[in-house]
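Let me give you the structure first, and then I'll get to my questions.
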Amino acid sequence: MGRGAGREYSPAATTAENGGGKKKQKEKELDELKKEVAMDDHKLSLDELGRKYQVDLSKGLTNQRAQDVLARDGPNALTPPPTTPEWVKFCRQLFGGFSILLWIGAILCFLAYGIQAAMEDEPSNDNLYLGVVLAAVVIVTGCFSYYQEAKSSKIMDSFKNMVPQQALVIREGEKMQINAEEVVVGDLVEVKGGDRVPADLRIISSHGCKVDNSSLTGESEPQTRSPEFTHENPLETRNICFFSTNCVEGTARGIVIATGDRTVMGRIATLASGLEVGRTPIAMEIEHFIQLITGVAVFLGVSFFVLSLILGYSWLEAVIFLIGIIVANVPEGLLATVTVCLTLTAKRMARKNCLVKNLEAVETLGSTSTICSDKTGTLTQNRMTVAHMWFDNQIHEADTTEDQSGATFDKRSPTWTALSRIAGLCNRAVFKAGQENISVSKRDTAGDASESALLKCIELSCGSVRKMRDRNPKVAEIPFNSTNKYQLSIHEREDSPQSHVLVMKGAPERILDRCSTILVQGKEIPLDKEMQDAFQNAYMELGGLGERVLGFCQLNLPSGKFPRGFKFDTDELNFPTEKLCFVGLMSMIDPPRAAVPDAVGKCRSAGIKVIMVTGDHPITAKAIAKGVGIISEGNETVEDIAARLNIPMSQVNPREAKACVVHGSDLKDMTSEQLDEILKNHTEIVFARTSPQQKLIIVEGCQRQGAIVAVTGDGVNDSPALKKADIGIAMGISGSDVSKQAADMILLDDNFASIVTGVEEGRLIFDNLKKSIAYTLTSNIPEITPFLLFIIANIPLPLGTVTILCIDLGTDMVPAISLAYEAAESDIMKRQPRNSQTDKLVNERLISMAYGQIGMIQALGGFFTYFVILAENGFLPSRLLGIRLDWDDRTMNDLEDSYGQEWTYEQRKVVEFTCHTAFFASIVVVQWADLIICKTRRNSVFQQGMKNKILIFGLLEETALAAFLSYCPGMGVALRMYPLKVTWWFCAFPYSLLIFIYDEVRKLILRRYPGGWVEKETYY
């Protein structure tokens, strides 16, 4: 079985590739898997089958033979998907993406410290501290992200059902229970209602056996299983049962024809684990961002390295400067900020029923431009419900309310009494025990979906069905089978002590053929042409709504011929099944979930295309698509246009039709180009009767258009598509383990509407990360410029390394994280999905705003404070220029200031460190304004308001921390930070105000002139 795959699937790609043979081989194997299942066991006669598997069809295998086959084939279990070892996951967190930048910074710091230690007698330890702190930051955040992902994968593991499955096999003529893993090819296996099918079986005998194939094919109706070969395609034929589907009723015997990975289910699981997964958009964004920052850092570093050499510094000093500038450019706190932002959003989404398995998927959902959604259970409730009935020549809507307040017809009608009696009696579904206190619509039933729907409908409108059945005991029955397409039962009548009533339901046209009269207003009248036309119209109308229609009829058996105690023979029929009395039609549908139409509308206004992909019938699919708004009102398909204009479909220009329903069998014969054509030209698309492999091809088609695709699914059949999509969304309640394994996110309530919440959260996190990064990067400029002036103008160093760390890992952290809590701006779900090519997380405009505009104002504020303090101490700006070498000379203890006072080395250093502290305080003051302007990208702060409590806490926290670092006793020794005069705090205030006013004016122009020059240059 192939594992690993090419990124792009097209038949042409495999031949065109001349790359390594191994890759081609893998692609070829995966293409094989993408093709439909090939097997011929369903075509063999029973004798040929016995010969092929060397098995006696009545006694089963011998124990010896079973052991040999088990040794040859291995246990009957799916190979678990290749998992990443924990240490690899941990290393990825430690060395992936952003961490690399910090590691390089740390190594450069140790290098610089090494050079200084070799050159100087008393080297300063700044670089050593910085290196250690950087390494610590990476390790702590790495552990944090690893813990987060491990936690959500723990939740994943709890989904796996740990019970070892049992299977009933017959070996050497004895029935025995064994673990399903020990079942081998050729085993004779029995399954009954409620069992999971232990392997792929070829049925050799069955009694009313029905299986639920929905996890494999997506069909919600149970499928009949019998020994007859009915279809070329093994997935459609009746005589094959598939591994891990459920048997819902009846019993069957079969020969095992495939086990483990060789089963149809196994092939799909292998296909899913073999697909290569692309990188998440946010990972690419962070990489792009690292390249940008590194570019800026290296450019600055190298230019000042050259400059310092020109200015006459020694090589070694120049290298120290180079390293210093590069490290000053590294935003140390940003890694932690990004991780915390993603984690917070993941937690917030979990509260809204979206469990995110890997943190980066949170953002992917926000950039989604196409959602391919499954129908059954995601858009619909996965609960068949009676929708309409037709009797007395009128269509009535069914009343599904608990208190029957929505009745649309007179319940006293004798025809309705007859119809409800047939629906309740000719019905094998029952409520499971102990649910008397639960509302009827929520109760669990045993029986197939349509019968359960009828049961609930009759229970609601006529009271207890069980009592009705007790009053009319069943004496004979013919279960539904696909040849005669009806179900019949005979009951003793409660209203006459001697006679019986025969009740029948089934496919409407078959039922009508057996009737000669029809019940209208409680009277039997002949079934004439007029009534047949009325029936036909009602049948077509209900069928066109995508509903499953059943016909009902009855016959009161004459008591003379069929007295009580009469032996009805259901094999050799000894009672009439013709000339019955037609009573009415009832139609059922799996109704859309209540919140879905609204959610689809939100997707549309957010520029997201919703495509329905289902295994169900095209008419049903189209009806639901219209019901939930995937096909919006007034939009027509080619068929609709042809019907309206009364012309053949070939004459309609397909481009005129906005909507389109594609049948799986047509999709099979399409080339990639034709599929692309459909995806390009139609805005509203429904794919019906699709196979799992086709789902994958549809996803790849959307990705070829450059879309970011989200796929929802619950069945095993969805797992390849879930894996291939940019974000796979599995269902938490109805989803199979395989689909949960392949997905990136799990909807705990199975509701499509939760996806829209997810999209909003994803867009919000992208916006908020942008804001966080803009905020964090801005303070880089006031941190770097002091260093540059120190080199160029030869002034005493205005801001030290330790104080830079106090900003990046101290005061800036909480405010940066608080932006993750910022509420969405008003246009968040009205924008088009972001284009991953042009709309980057960090773009040139963001860098120019943070570095070139706001950052420069901040730096001015810091230098203003610096020059004020030195001037107050007697060093005017003119005296400072070129003073650096004397200032830093330990032997010089009589340096004169502008007024002729002499300063010792120790005294000078205390003033210098006080300046560091004041510069630090000024940065905190200007970062207040920066934090407030970063709250919004387009709206005014006054529109947005200050509702973000965490942000207000962040403002207070950074101020308190700055004051603590300045005034706490002992800081002078520990971090060389000294207490400041109160007035020095206010030096930067005007600059803070300037930043706020400057940005509010900019945003006003943005809103007044959208698309103008200001937007092009400054909107990040």
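These residue numbers are counts, starting from 1, taken along the chain as shown.
Note that Cβ sites are derived from N, Cα and C of the backbone, with glycine treated the same way.
What Swiss-Prot records for 1-31, 212-231 is region 'Disordered'. Among the features that Swiss-Prot reports, topological domain 'Cytoplasmic' is placed at 6-85, 151-286, 337-769, 821-840, 936-948, 1004-1020. Summarising the annotation, Swiss-Prot assigns phosphoserine to S10, S439, S450, S496, S559, S587, S672, S826, S940. What Swiss-Prot lists as transmembrane segment is 86-106, 130-150, 287-306, 319-336, 770-789, 800-820, 841-863, 916-935, 949-967, 983-1003, and the listing cites sequence analysis. Residues or ranges marked as topological domain 'Extracellular' in Swiss-Prot: 107-129, 307-318, 790-799, 864-915, 968-982. Marked as compositional bias 'Polar residues' by Swiss-Prot: 212-227. Under the heading active site, 4-aspartylphosphate intermediate, Swiss-Prot lists D374. Annotated phosphothreonine per Swiss-Prot: T570, in sequence order. The Mg(2+) binding site annotation in Swiss-Prot covers D714, D718.
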Restricting to the topological domain 'Cytoplasmic' (1004-1020), report the mean pLDDT as a whole number.
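Mean pLDDT across the topological domain 'Cytoplasmic' (1004-1020) comes out at 85.
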Spatially speaking, which of the recorded positions D374, D714, D718 is closest to S940 (phosphoserine)? Use C-alpha to C-alpha, please.
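Result: the closest of the recorded positions to S940 (phosphoserine) is D374.
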Specify the nearest of the recorded positions S439, D718, S826 to D374 (active site, 4-aspartylphosphate intermediate), where nearness means the distance between Cα atoms.
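Out of the listed candidates, the nearest Cα belongs to D718.
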Is the transmembrane segment (287-306) close to the transmembrane segment (130-150), in the sense of at least 3 CB pairs under 8 angstroms with a sequence gap of 6 or more?
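No, since the transmembrane segment (130-150) and the transmembrane segment (287-306) share fewer than 3 Cβ pairs closer than 8 Å, they do not count as touching.
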On the DSSP side of things, how many residues of the topological domain 'Extracellular' (790-799) fall into helix, strand and coil, could you say?
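Per-class counts: 3 helix, 0 strand, 7 coil.
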Against the transmembrane segment (770-789), which of these stretches has the most C-beta pairs under 8 Å: 800-820, 841-863, 983-1003?
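Top-ranked stretch among 800-820, 841-863, 983-1003: 841-863.
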Have the transmembrane segment (841-863) and the transmembrane segment (800-820) got at least three CB pairs under 8 Å, pairs 6 or more apart in sequence?
no
Name the one residue among S559, D714, S826 whose Cα is closest in three-dimensional space to that of S439 (phosphoserine); these are the recorded positions.
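Out of the listed candidates, the nearest Cα belongs to D714.
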With the transmembrane segment (287-306) as the reference, find which of 319-336, 800-820, 916-935 contributes the most Cβ pairs under 8 Å.
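Per the Cβ under 8 Å count, 319-336.
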In sequence order, which same-chain residues at least six apart have a C-beta under 8 angstroms from S587 (phosphoserine)?
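Listed in sequence order: V386, A387, H388, M389, W390, L542, G543, L545, E547, R548, V549, L550.
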Ranking 86-106, 800-820, 916-935, 949-967, 983-1003 by the number of C-beta pairs under 8 Å to the transmembrane segment (319-336), which range is first?
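Comparing 86-106, 800-820, 916-935, 949-967, 983-1003 against the transmembrane segment (319-336), the winner is 800-820.
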Near the topological domain 'Extracellular' (107-129), which residues from the same chain, at least 6 beyond its ends, have a CB less than 8 A from one of its CBs?
316, 319-320, 323-324, 326-327, 800-802, 805
Ranking 86-106, 800-820, 916-935 by Cβ pairs under 8 Å to the transmembrane segment (983-1003), which is first?
916-935
Given the recorded positions S496, S559, S672, D714, find the one whose Cα is closest in space to the Cα of the residue listed as 'phosphothreonine'.
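In terms of Cα distance, the residue listed as 'phosphothreonine' lies closest to S559.
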From the modified residues S450, S496, S559, S826, pick the residue whose C-alpha lies nearest to the C-alpha of D714 (Mg(2+) binding site).
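Checked the modified residues S450, S496, S559, S826; minimum Cα distance to D714 (Mg(2+) binding site) goes to S450.
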I need the CA-to-CA distance for S559 (phosphoserine) versus D718 (Mg(2+) binding site), whole Å please.
56
